[in-house]
Amino acid sequence: MNDSAPPPGFLPVLRKHRDSAWNDIDSERVLQVLVHNLEGMVFRCAIDEQWTMHFVSDGSRDLTGYCPDELENNKLASLETITHPEDRAMVRRKIMVAAANNGRYRVQYRIVHRKGAVKWVLERGAVVLDEQGRRVLEGFIEDVTEQVLSQRQLADAELRYRSIFEDSVVGMFQTSIDGHYLAANKALAQLYGYESPVALIEGLSDIARSLYVAEGRREEFKTLMREHGRVSDFESEVYRRDGSRIWISEHAHVVYSPDGEPLYYEGTVEDVTAQHNYRQQLEYQATHDPLTGLPNRNLLQDRLQQVLRLAQRRATKGSLAFVDLDNFKFVNDSLGHGAGDTLLVEVARRLKACLRESDTVARYGGDEFVLILGDYGGLSDTLHILHRVQDAVSEPIMLDGQEVRVNCSLGVSVFPDDGVDLEVLLRHADAAMHHAKKLGKGQFQFYTESLNVAARDRLALDSALRRALEQDELYVVYQPKVDARGRPFGFEALVRWDSAEFGSVSPVRFIPLAEENGLIGQLTWFVLRAACHEAARWRAAGHERLRVAVNISPSLFREKDLAALVRSVLEEAGLPPGNLELEITEGMLMGDVQRALAVLDELKAMGVYIAVDDFGTGYSSLAYLKRFPIDILKVDRSFVLECDQGNGGLAITRAIVSLAHSLNLRVVAEGVEKQTQLAVLNALGCEEFQGYLFARPLPAAQLAGYLDEKSPK
């Protein structure tokens, strides 16, 4: 410890604070101990160029690295030299101002430690008179490096925070607990449509009422804050200044006082309108039909559950109606998918117009719709709605400049009598709808248990048909096509089914089923391959001019590479294209005309013959027929059956034959069963005939004998 005693001037200062025990203590010794044990440096110095030290306490060792002896009288260093060069002028200026006024001073500056480290110090002192009456400085210098650095870090952090707060592209805020803005940044002001944070704070004086669209939303926010102390992804719809609405997501937390009291909320706000709308769009797409905008099967399930719960509470009934358009396939095939889509949209609009706000109409798929009629008031109410639906659907609609009419068949199941879940009610309504179709177009049928049996049979038939395609239960028969003398020039390939479960199944039963369940393309492909291989055997037997005719389904006709598929079958069978005749319907031509023309041109270029089947039952016009590379027109059997009765059938048949000849097309009359019909058709100029009058369809095994008998010798 420094043995030097503090100068006398220090003692009066301390004695001003002495207590009654002071006189019993060695005051000089106590003063020396106190001064030399302070964490800092007590000093007296002259007011000169070097601040020459007259006294320095032991605290100089830690503070400056110099012991008192080295500093007193400037032996090794002076207060001036240990002061940082950049701060010397500032320190002297402040001290001299105090000296001029005989006052106290306080100055913070840097010193350079003996080892080179720079420290921040706080010097507090005063101008006093020493024992000789000279003015000197007495004071205390302490190390405040940690405080200064902490203050600077805090200031830097505050500056960074302020910069982030003001320049952030994310809205930031502080609000009082009761819902008033305390602070907001520019991004938040712009988000809400205000020109500045000040305008925002003034304009949104009550957040709960002025900001949130949903009443009570602010209370939900506060509840979460009370319970959890924070919120994340708190999504809400809010008003902007101009009244428009946006969706925001808030992340916020509570700021507490040291004693745990909530002071305010602070957090961030992001505009999530685009994300919200995108999610809404995805949800809409997941629950609505993209073409008609009606609910789809997913939403139908939810709607039915709501209606079932309501019916249960009220002890009432409701009904589910399965609606199927009767003529849609014909429209789709004849006028194309675009026209079919237009028809579906219009039917959807009409169905919605027939129902109450509380009812539901959904698109189930294809040309099928489902109606949910809640709050069932009785049979008469349901019948009234069903009749209204049928009348609305059957109203004419213009498609591609043509007036088209469609009907609908309806099957109805009643809940809770016929079921209490969607699957059961749909199954029962579907069974009733199929029975309605059997009754004729534009009919409706309520579900009964007997229909359930029929529906199960139909489902079993569907499964059996799928197995039949895999297990070779299907086979092809061939109906002769002959000239007026009965001489064969070809055969039409027709599919037959001998089921292990159902026995011989009529094509009238399984062909419509195949069209409905999507198997018709596979079925057609099976017939095409079998027919081409059979025709190749005819050629090998010497019947080189015989052609085999195969009906092409609309689904196969729409195949992207139909011509390539046909070519591959012909090559596989070893059959020249000239021995194959493909039969298509008018509707297939009248759909996508340009595509149909391209497909037929490819087939004709191969050498395949093209026939239009069931001609006269569709919408074909002469202008269209002239565009297509057609070889043959087949007069539909409905006209042939009446051609010998002198009524409309004869007139239509005559017109078709005349039209065909004007286009250099051959005419085939199908369904010829009587000699009188043959006589009329022959007189009209038909070249080829087909029907039971000449032969029933024959299995392949019988064709050789038939050809030996009927072919020219």
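From the backbone N, Cα and C atoms, a Cβ is placed for every residue, glycine too.
The feature domain 'PAS' is assigned by TrEMBL to 27-102 (among others). Each residue in the domain 'PAS' (27-102) has a pLDDT score, and their mean in this model is 88.
Taken from TrEMBL, the feature domain 'PAC' applies to 105-156 (among others).
What TrEMBL records for 157-195 (among others) is domain 'PAS'.
Shown for the domain 'PAC' (232-284): DSSP residue counts in helix, strand and coil, namely 12 helix, 30 strand, 11 coil. According to TrEMBL, the feature domain 'PAC' maps to 232-284 (among others).
Among the features that TrEMBL reports, domain 'GGDEF' is placed at 316-449. Using DSSP to sort the residues of the domain 'GGDEF' (316-449) gives these counts of helix, strand and coil: 60 helix, 41 strand, 33 coil.
What TrEMBL lists as domain 'EAL' is 458-711.
Sorting each residue of the domain 'PAS' (27-102) by its DSSP state yields 36 helix, 12 strand, 28 coil.
Sorting the domain 'PAC' (105-156) by DSSP state (H, G, I as helix; E, B as strand; all else coil) yields 12 helix, 29 strand, 11 coil.
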